[in-house]
Amino acid sequence: MSSAILDMHYCLAPNERTDADLLENFDAKQLASITKMSGIHNRRVVPPGVTASDLAFVAAQRLFARGKFQREDIDLLIFASQTPDYQIPATACDLHGRLGLKQECGAFDINLGCSAFPYCLAVAHSMLTAGLAKTALLCNADAVSTVVHPKDRGLVPLHGDGAAVCILQRIEGEEGIEGCLMGTDGKSSRKIVIPASGMRQPRSPATQTEETDSSGSVRTPEQLCMNGPAVFHFSLKTIPTAIESYLSQHDWTLDEIDLVLLHQANKTMVDLIYRALKVPEDKRFYFMEQIGNLAGASTPILLNEAWRQERLKPGQRVLLASFGNGLSWSVTSLVWSSALGKAPEDSVEFDPTLLSAQDA
């Protein structure tokens, strides 16, 4: 017995932030160097008043509109994000009400960023195969642009906002989720941090004071701060080893993998990990140039786009590796389900009228 993704969709933030837009706060030569490294030339970002859960809501509305699954089918809702709507209540509970799901449905948040998708799959898979739920709706969404200072040179050129949703069910047979490897370097947990964002350092007038670091980036303690070199080193040191360990656990080589999907942190990092593992070109896939690093939504949107571009066929094995703040990482694999068929061509653009419909 296993569980499998039986439908999925995603939604991109509506606004675009191009390289030309960034010249207002960035030196042209410096920006050119950053974009050459990152491979990112456009970022999708939310406007004021739109949250990560709004993007997930729109994606879920469109998924239900397909008619393959009904709202009353869902008895487990997981919302993974580090940009939730509220500290209390869990955004999953609020989203449950907005989507009109039945009361006999568990709903909770997972507070993880870039590594979240395999964690979500593992949690849902465990609950489904244990008989604790029958049909799970997973929502991975982040709006990192809302917590980044516009003059942060390390983060603004990289990040975008988006959401992905997928439905999992328990199945018989050999398709579906095959396992999950997870890891944490908690001693480095503050390499990516919003210092004044909880009870450890409560917000105050003092935490709204702008500071400029040695690289020239500006931020307040209430905004996201990343030690870029440390995170880059962590990723290159940890992720190839983690993937090799996962393959070894299953007695596989890359010959048994049809597609390797990596969190779309930036093009240079992804390429270096691919090269370290000697992943063939035909098993690589990218989707970041026009949308940016979408944090926790990155990997599921990458998987969804691979499906939409027909890079995945039933019975093929795809390996996913996600990594980021925590510092946290996760690796999983799944055999693409024959129940998915060809991906629908419905829109992935944000539609604010869908939000107004749920508020009516």
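Each residue, glycine too, has its Cβ placed from N, Cα and C.
According to TrEMBL, the protein carries these features:
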COMPBIAS  204-219  compositional bias 'Polar residues'
DOMAIN    108-186  domain 'Beta-ketoacyl-[acyl-carrier-protein] synthase III N-terminal'
DOMAIN    247-336  domain 'Beta-ketoacyl-[acyl-carrier-protein] synthase III C-terminal'
REGION    196-219  region 'Disordered'
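For the region 'Disordered' (196-219), same-chain residues at least 6 beyond its ends with a Cβ under 8 Å from one of its own Cβ atoms are 87, 148-149, 151-155, 225.
Residues belonging to the domain 'Beta-ketoacyl-[acyl-carrier-protein] synthase III N-terminal' (108-186) score a mean pLDDT of 97 in the model.
In the region 'Disordered' (196-219), the DSSP tally of helix, strand and coil residues is 4 helix, 4 strand, 16 coil. Here the domain 'Beta-ketoacyl-[acyl-carrier-protein] synthase III N-terminal' (108-186) has, by DSSP, the following mix of helix, strand and coil residues: 19 helix, 33 strand, 27 coil.
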